[in-house]
Amino acid sequence: MFSLHFIDEAFNEVYAGNGGHGIVAFRREKYVPFGGPAGGNGGNGGSVIFVGEQGETTLLKLKYQKHLKASHGFNGKNKSQNGANAPHLYVKVPLGTVFFTMDNHFLGEILHHQETLVIAKGGKGGRGNKALANFKNPAPSYAEKGDLGEHFKIKIQLKVLADVGLLGFPSVGKSSLISLISKAQPKIDSYPFTTLFPHLGVVLIDGFSFVIADLPGLIPNAHLGQGLGIQFLKHIERCRVLVHLISMQSLDPYKDYVALNKELQQYNSTLVEKKQIIVANKMDLPDAEKKLKDLQKKLSDVTIIPLSLINFYNIEKLKYAIKNLLQKTPFVIPKHDNFKVYDLNSETQTFTINKNKEGVFVVSGRQVEIFSHRTDFNNEAAVKRFNYLLKKIGIEEALKQKGAKLGDQVKICNYLFDFVI
């Protein structure tokens, strides 16, 4: 059951930890005149990882905890001691939580208990001079700085995970129905918008169980934000089956049916393709039979289940109808474009070179940024290695092809260099 503080959207800033720096050190022992390099590697920075938790029902904590920061990795030490990796920051979220960048680029979602999703990856620790030693340079006098951890803003949405969604305009009897067929105890009254947030209930029938959600009532133009609007329309996307309640107290039940489906269509056209069970509620009222017959004539190709919650009429029939339809309707995980996949060993070699208005050649690219962040520019040997790495991946030749000449300025990240052939 959700609390009065049900929050289904939050905006947060994630900070993964930076990698620790490798260090320059040499073995200093008596009777060992040429001990060689002994600088340890830096530890990896902590990542920001979200974890699905079945007991969580709201994003309330994230609503007020705007900044999610993981720790930095520890620096390496002498005597070949590596710095410790930083612990990851684990954040518990409800099942059905979806993550986006601020420009709505899909990052991932969590659907299962204890499922994890790395949103911001911690920086890799820099190598010490012992790890950088090779046959060409057996005693390097430089080390690598740790990589920066990822840092950006995200939008988090909770889309309720329920098998069945109860739909209808305000006061059609959704809350009363879910309280009768499950153990949910929503607030029930006769005024519109009694339900201000989704209520979940579990229905058991012949050893089969399903989760049903009482969603806040819709009104015309809900897809434009009228009433509770889009705030809760998104929860319908997860449901496999929709139970559409129509009140026989309405002046025109058919008009209500058409209007609600129009709202679904205008919000997301795929919603009207979901399996629906049409329920004519409040059959105990005068003229209900006449209105039901008129509705059946206009919806001749649709089975309508008449229902009276006061008289408990057809409640069991509805439960079995939902069960049978669910057994024929498999759960389909929504597809998202641009899914973010982490390759922990990926350091793409692509780069771009552009000449700005000031005549400066600007070099950008993921691997170039990594080289830059790992280099200690106060260390002459480290700068020489930086130049060697740029030449190795073809940047020097690419600059020549772009027309760079001796003495021209080249900008890499926040550093300006003079081009030397």
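Yeah, the Cβs are placed from backbone N, Cα and C, and that goes for glycine too.
Owing to the predicted nature of the structure, the values given are computational and were not obtained by experimental measurement.
According to Swiss-Prot, the protein carries these features:
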type: DOMAIN; residues: 4-161; note: domain 'Obg'
type: DOMAIN; residues: 162-327; note: domain 'OBG-type G'
type: BINDING; residues: 168-175, 193-197, 214-217, 281-284, 308-310; note: GTP binding site
type: BINDING; residues: S175, T195; note: Mg(2+) binding site
type: DOMAIN; residues: 343-421; note: domain 'OCT'
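Fewest Cβ neighbours within 10 Å among the binding-site residues S171, S308: this applies to S308. Put simply, S175 (Mg(2+) binding site) is 11 Å from G168 (GTP binding site) when counted between their Cα atoms.
Listed binding-site residues: K174, K282; maximum Cβ neighbour count within 10 Å falls on K174. With a 10 A radius on its CB, S175 (Mg(2+) binding site) counts 22 other CB atoms from all the protein chains. For the pair S308 (GTP binding site) and S175 (Mg(2+) binding site), the C-alpha distance works out to 14 angstrom.
Helix, strand and coil counts from DSSP across the domain 'OCT' (343-421) read 29 helix, 16 strand, 34 coil.
Between the CA atoms of K282 (GTP binding site) and S175 (Mg(2+) binding site) there is a gap of 13 Å, rounded to the nearest whole number. The domain 'OBG-type G' (162-327) scores a mean pLDDT of 79 in the predicted structure.
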